[in-house]
Amino acid sequence: MGQAGCKGLYQSLFDYKTEKYVIAKNKKVGLLYRLLQVSILTYLVVWVFLLKKGYQDTDTSLQSSIITKVKGVTFTNTSELGERLWDVADYVIPPQGENVFFVITNLIVTPNQRQETCAESDSISDALCYEDSDCPPGKPVMTGNGVRTGRCLRVENMTRGTCEIFAWCPVETKSRPEKPLLGKAEDFTIYIKNFIRFPKFNFFKTNVLDTKDLKYLKSCHFGPKDPYCPIFRLGSVVKWTGSNFQEIALQGGVIGIQIEWDCDLDKAPSECNPRYYFSRLDSRFPGNSVSSGYNFRFAKYYRDGAGVEFRTLMKAYGIRFDVMAGKFSIIPTVINVGSGVALMGVGSFLCDLVLIYLIKKSHFYRNKKFEEVRSGHPVAANGKANVEQLQNLQTVEA
């Protein structure tokens, strides 16, 4: 870069640019500018504010409480449990009525277990052995039921056996039943009560019909004709997720119930209604994949007349329900107004481009819009001084 170039760059560091307003008497450009302004104002008023309610505020601190109850009875007759009537205290876990609860639909029962020594299940690969040295005493069986005692137990003349363990014996050996134990549970009902509060607006609402009829909740069922009845048939909930009840009852699963409150408080409180969404949350795999279903184990303990402790081990399959409440968000007014002001600036920018570059007399407007001033003397774009061009506001006619 030469000496003259460096000098020019140095002097440009101290340049100052100020706005100059030029009124262009051009009907086409003026019409374009007004059309852009009207379009932007129409977008803000009609779309953002009237249709999308962009002027509304949002309460992000929604307070919600959910209470659940399950009702229904069924009868079973099995070799492990005999004749048994199942009510809500038997098949719902936990019993407190929380927003997450589990309904038992199938069981593997291992009765009369006590702590003693017995052979580990031959389905546990870590427990297989050929001699006693394969069963180091005190070492737990990985994914098994107890700790090794140091003995390898073999049946008759078999060369391979299983390690003896100290555990709750006999260990669980049965496989899952081919039919769900509580297959009639699809007629059970779920009572879901949801309270919401928007503290910013001091607004309360519930999904239960406000009535003094004590028989209402005993006779109603949720549906399009009765959206404020919080009584849901269990089989219907499973069906709404696109699943088959007998299939999910056999191996278990997880279902989500979403209660959504999209409330426009410009309207009457009666217009603030809940909307329900039902979905299957656990992954479903084709066939009898090991990843399918939902289950866990629990036990019931007791003592005999001699004071020896026993337990009945139960592997429970069933449906876990996750009940959730939420709402939509609304865009604040200040963001929309700021966006509209910015769009107005875009309109001016587009019209400037048309004036300076696209019309026939663009060079004329360009000379009027941009002006260079040095040491108190105006210099026009064509190099001639013109005192009138120093005016901050000029009217230019085509």
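Heads up, the Cβ atoms here are built off N, Cα and C, so glycines get one too.
For 31-50 (among others), the entry in TrEMBL reads transmembrane segment.
Per TrEMBL, the feature ATP binding site maps to LYS69, VAL70, LYS71, THR189, ASN295, PHE296, ARG297, LYS315.
Annotation comment: TrEMBL describes CYS118-CYS169 (among others) as disulfide bond.
The disulfide bond annotation in TrEMBL covers CYS129-CYS152 (among others).
With a cut-off of 8 Å between CB atoms and residues at least 6 apart in sequence, the same chain places ALA119, GLU120, ALA127, LEU128, CYS129, ASP134, CYS135, VAL141, ARG148, THR149, ARG151, CYS152, LEU153 near CYS163 (disulfide bond), listed in sequence order. The annotation disulfide bond is assigned in TrEMBL to CYS135-CYS163 (among others).
Positions annotated as disulfide bond by TrEMBL: CYS220-CYS229 (among others). Take the CB of CYS220 (disulfide bond) and look out to 10 A: across all protein chains shown you find 17 other CB atoms.
Feature annotation from TrEMBL assigns disulfide bond to CYS263-CYS272 (among others). Its Cβ taken as reference, CYS272 (disulfide bond) is surrounded by 16 other Cβ atoms within 10 Å in the chains shown.
Annotated transmembrane segment per TrEMBL: 337-359 (among others), in sequence order.
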Nonlocal residues around LYS71 (ATP binding site), in sequence order (Cβ under 8 Å, 6 or more apart): VAL88, PHE188, THR189, TYR191
CYS169 (disulfide bond) and ARG297 (ATP binding site), Cα-Cα, nearest whole angstrom: 15
Set of same-chain residues at least 6 away whose C-beta sits under 8 angstroms from VAL70 (ATP binding site): VAL88, TYR91, VAL92, PHE101, VAL103, PHE188, THR189, ILE190, TYR191, LEU234
Cβ-Cβ distance under 8 Å to PHE296 (ATP binding site), same chain, at least six residues away: LYS315, ALA316
Among CYS135, CYS152, the one of these disulfide-bonded residues whose Cβ has the fewest neighbouring Cβ atoms within 10 Å: CYS152
